[in-house]
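Take a look at the structure set out below.
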Amino acid sequence: MIALLVRDLRLAMRAGGGFGLGLAFFLIVSTLVPFGVGPEAKILSRIAPGILWVGALLACLLSLDRIFQLDFEDGSLDLLATAPIPMEGIVTVKALAHWLVTGLPLTLAAPLLGMLMNLERPGHFWIFLTLLIGTPALSMIGAFGAALTVGLKRGGLLLSLLVLPLYIPTLIFGAEAATRGTAGLPASTPLLMMAGITAGSIALLPFAAAAALRVNLR
Amino acid sequence: MLELGKYTDAILSSWTITLGLLIALILVTWRRSVQVKQRLDAAEERAKQND
Amino acid sequence: MSLWEFANPVKFMALSGKVLPWVIGLCTVTLIPGLIWGFFFTPEASNFGNSVKIIYIHVPSAMMAINIWVMMLVTSLIWVVRRHHVSVRAAKAAALIGVTMTVIALITGAIWGQPMWGTYWAWDPRLTSFLILFLFYLGYMALWAAIDNPDTAADLTSVLCIVGSVFAVLSRYAVNFWNQGLHQGASLSLDKEEHVSDVYFQPLLLCLAGFTLLFVALLLVRTRTELRLVRLHRLEVRERMKDA
């Protein structure tokens with residue numbers, strides 16, 4: 001399993017695209033929003049946590065179809081399916097690799113991008129914390145969506161349509177926790193709810209995703 | 001005609017849209033049902049002749 | 001004789017063919033009088049004025065939108081556990097009816113919201129939840145449409161429906177937490193206090209029955225169509241095999 005993880009990470013680095021693309025997209029979204037809403041510092045700092053969350057979520061969405069697509073096309077997914085690792089394990093490792101390549105860099109970049117948006121001082125910490133807890137759920141849910149659509153030729157758009165509604169609870173709690181934390185209000189309730197969603201997704205979704213993969217490999 | 005007062009627009013538009021959508025749904029369902037039945041009957045007929 | 005016997009497509013076709021005229025008849029004698037009663041023969045409400053007439057289409061469609069999703073969840077589960085074709089075809093057949101009901105509930109709600117709350121759209125929990133439900137219906141139908149092999153499609157959409165239901169419930173709670181809304185409390189509850197008064201309730205009940213029967217009738221027709229399509233698909237495959 002660790003070998004699989006290392007292999008996936010190497011491929012992501014070498015192919016270049018997956019690694020930098022999400023970050024670049026995140027940067028562009030954060031740059032575009034002030035052009036759209038105007039440069040007033042007050043408004044920007046009010047909406048900054050929400051914008052950063054939506055930006056991170058979209059950047060995460062961008063690279064989802066790569067989780068299984070390449071391996072499905074060149075047949076290595078069939079090989080993995082016959083390997084002595086359970087399919088659930090493969091899904092989890094794939095999601096973890098996706099998180100390390102996308103979610104983690106986004107989390108690290110978010111506080112920096114927050115400066116572009118006049119994020120208040122405690123906000124940097126809160127956006128980092130909420131993304132750190134929330135992005136694993138995004139990767140796991142995304143892996144499930146990718147497993148559903150892996151057999152399709154043009155699955156990208158459909159994948160977004162399937163995954164975005166599933167992202168709603170995570171987004172609501174994550175952005176709410178970040179906003180409240182930034183404003184100095186108690187934020188532990190949404191934070192705990194989001195942590196619960198992440199834990200639940202990691203515990204249960206691999207089974208659903210593995211079932212979907214088995215159907216697609218049939 | 002009964003008097004609907006200041007809500008005339010709201011009531012009439014929502015009822016029209018609802019009834020329109022429901023009738024459209026019924027028509028689509030019915031038409032497709034007839035089409036598929038015809039295609040299936042034709043296919044069954046062919047299958048019988050081939051045997 | 002157990003319920004599962006009707007999971008056999010042939011038996012289902014025979015039975016549903018017999019039941020269908022009755023359901024259509026019952027639907028006609030409840031839905032049409034219910035709607036006419038509600039539209040022409042109900043008084044103004046003190047707080048809503050005449051706009052209360054929208055309730056006869058808004059509440060039934062909203063209720064059906066949720067119930068149809070629950071029905072799809074149950075039939076998807078039956079397919080995953082027992083692999084009965086009728087079950088998953090019924091889920092597929094129900095989706096379009098469900099999405100229509102959701103759209104009706106959203107549109108009538110928006111039109112009603114304008115005079116009542118002064119806005120077509122507010123990010124009120126119930127409105128938001130319905131919008132999310134609409135997205136779930138769209139995703140479900142899009143997945144059915146995208147996959148060619150019917151059995152693969154049945155499996156994948158069932159998994160999506162089950163996982164989606166969990167997230168739909170989560171979204172409901174999340175949305176509640178996120179914004180407290182404008183919606184009045186349940187208009188249908190056994191608690192007399194918040195209950196709408198009988199003058200409106202009796203025609204509403206008739207409309208609810210009518211919408212439910214309309215759903216059952218449409219569902220039977222659509223499921224029969226789906227099952228015929230499965231049979232047609234098989235015959236066509238066999239023909240092609242013979243030609244080759």
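Placement of Cβ uses the backbone N, Cα and C atoms for every residue, glycine included.
Under the heading domain 'Cytochrome c assembly protein', TrEMBL lists C:4-183.
What TrEMBL records for C:20-42 (among others) is transmembrane segment. Here the transmembrane segment (C:20-42) has Cβ contacts under 8 Å with residues 52-53, 55-57, 199-200, 202-204, 206-207, 209-211, 213-214, 216-217, 220-221, 224 of the same chain, all six or more residues outside its ends.
TrEMBL lists C:54-81 (among others) with the feature transmembrane segment. Outside the transmembrane segment (C:54-81), and at least 6 residues removed from its termini, the chain residues within Cβ reach (under 8 Å) are 34-35, 38-39, 87-88, 90-91, 94-95, 97-98, 101-102, 104-105, 108-109, 111-112, 130, 133, 136-137, 140, 154-155, 157-159, 161-162, 165, 168, 187-188, 196, 200, 203-204, 207-208, 210-212, 215.
Here TrEMBL flags C:93-115 (among others) as transmembrane segment. Sequence-distant contacts of the transmembrane segment (C:93-115), counting only residues of its own chain at least 6 positions beyond either end whose CB sits under 8 Å from a CB of the stretch, comprise 51, 54, 57-58, 61-62, 64-65, 68-69, 71-72, 75, 121-122, 127, 130-131, 133-134, 137-138, 140-141, 144, 211, 215, 218-219, 222-223, 225-226.
Residues or ranges marked as transmembrane segment in TrEMBL: C:127-147 (among others). Below 8 angstroms of C-beta separation, residues 62, 65-66, 69, 72, 92, 95-96, 98-99, 102-103, 105-106, 109, 113, 121, 153, 156-157, 160-161, 164, 168, 171-172, 175, 179, 181, 183 of the same chain, each at least six residues beyond the ends of the transmembrane segment (C:127-147), sit close to that stretch.
Sequence annotations record features per position, and here TrEMBL assigns transmembrane segment to C:159-179 (among others). Same-chain residues lying 6 or more positions outside the transmembrane segment (C:159-179) and placing a CB less than 8 Å from one of its CB atoms are 69, 72-73, 76-77, 80, 91, 123-125, 128-129, 132-133, 136, 139-140, 143.
Using a Cβ-Cβ cut-off under 8 Å and counting only residues 6 or more beyond its ends in the same chain, the transmembrane segment (C:199-221) has close neighbours at 16, 19-20, 23-24, 26-27, 30-35, 37-38, 41-43, 45, 52, 55-57, 59-61, 63-64, 67-68, 90, 93-94, 97, 101, 187-188. Taken from TrEMBL, the feature transmembrane segment applies to C:199-221 (among others).
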Overall pLDDT of the domain 'Cytochrome c assembly protein' (C:4-183), taken as the mean: 86
